[in-house]
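Positions annotated as domain 'Orn/DAP/Arg decarboxylase 2 C-terminal' by TrEMBL: 29-379. Summarising the annotation, TrEMBL assigns domain 'Orn/DAP/Arg decarboxylase 2 N-terminal' to 36-281. TrEMBL lists Lys58 with the feature N6-(pyridoxal phosphate)lysine. TrEMBL lists Cys352 with the feature active site, proton donor.
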Amino acid sequence: MTAPVLRWSHVADHLHRALADAGAPLSAYVYDLEALRAHAATIAGSLPPGFELFYAIKANSDLPILQTLAPLAHGFEISSGGELAWVREHFAEVPLIFSGPGKTDAELAGALELGVEALHVESLHELERLAWLARERGTTAPVLLRVNLALEGLQATTLMMGGKPTPFGIAGDQLPACLTWLRAHPEIRLRGFHFHLMSHQLDAAAHLRLLDAYLQQVRRWRAEYGLDMLDQVNVGGGIGVNYREPERQFDWARFAEGLPALSAQRDGLTVRFECGRYITAFCGYYAMEVIDVKHAFDRAFAVASGGTHHFRTPYAQGHSHPFRVLPVASWRYPFARPGVREARVSVVGQLCTPKDILAYDAYVDSVRAGDLVVFPYAGAYAWHISHHDFLRHPHPRHCYLPVEDAHAAA
Ligand SMILES: Cc1ncc(COP(=O)(O)O)c(C=O)c1O
């Protein structure tokens, strides 16, 4: 297994039905919850003892997505007071861990009051504020220190959060000062270390090496600073989705096979993942109805209903997003249907900017006005990272194709 199989016919059937009652050019997100359930179950089921899967809800925090994942993940990773309130409104009990830069006092206090299991602290100042809030409440704050360190042999990806100067985490050279400070502050309970140095990791072997380096580093710190009380290491998320070469996805099966060998390095600590993109990207599809097909100089453009204000992923990551054309037979006008055959075409949206481009110069057998273009891998960092209200176009529909009966009650 390298990635979930996309269930195109399931999604296409739904979209054809949606077109029938659209009334206006269709734009829609379709989420295949059964595919999400099966994928997450495979990932969670492949982890050896001592490893836990948290879902980073920033990737997609829609309620049906969270409801599908809650029974399969050990818990959710949140990164704001808004995410904390949203999760606690709907899931009173699910274990939560709180990461992210620039946490406000209100967010830190909320985490203490709403039973967050661990806060991933980003600086000494954040530690000081948290200790002060914990003291005020007569409580103890469970903490992992997020560390930014340059590891030997760290293989860079296209999105690095650490291993170089970034605003994330505590730089390795400041760690001793934090550990010294912690000795005098029993209102903070140090539970372990947190690393999230990168996103877009596509190489399973490189990721195993990275985890190995994290665990060895934690072993050295434990010995050097006498940290016997630790119980976990959070190794972040960062497992990527290959948008550019979709047939070459991260090889999760190979990765999972390598985890038991890492167990010797765990020294009894629980290893937590907090993955976002790799969990939900595959279940989502963004569909646009083509409004016009036109030529300018030597290029063809399919102008479709929607755009980067709905689906910013390709622009955010700087890629041309893969898509399929779903032919639609009906044509409502008494004049010719614009289109191209066996040609290269760029798929653009309705925004008044040349940056509103989702796919660039991609080969199609055929695309005509009235057809649907459908972008897969749109379940993570898609709707949730987009600038929805630019130009005040209507928002797309959001359709959730349910978990199938055999699993619905689980
Ligand atoms: C601290 C932290 N953990 C986890 C994630 C999830 O990363 P990904 O979606 O790449 O798995 C992010 C994403 O930015 C993050 O900042």
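Cβ coordinates come from backbone N, Cα and C, glycine included.
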So what sits near Cys352 (active site, proton donor) in its own chain, CB-to-CB under 8 Å and at least six residues off in sequence? Leu391
With every protein chain in view, how many other Cβ atoms are within 10 Å of the Cβ of the residue listed as 'N6-(pyridoxal phosphate)lysine'? 22
Average pLDDT across the domain 'Orn/DAP/Arg decarboxylase 2 C-terminal' (29-379), rounded to a whole number: 96
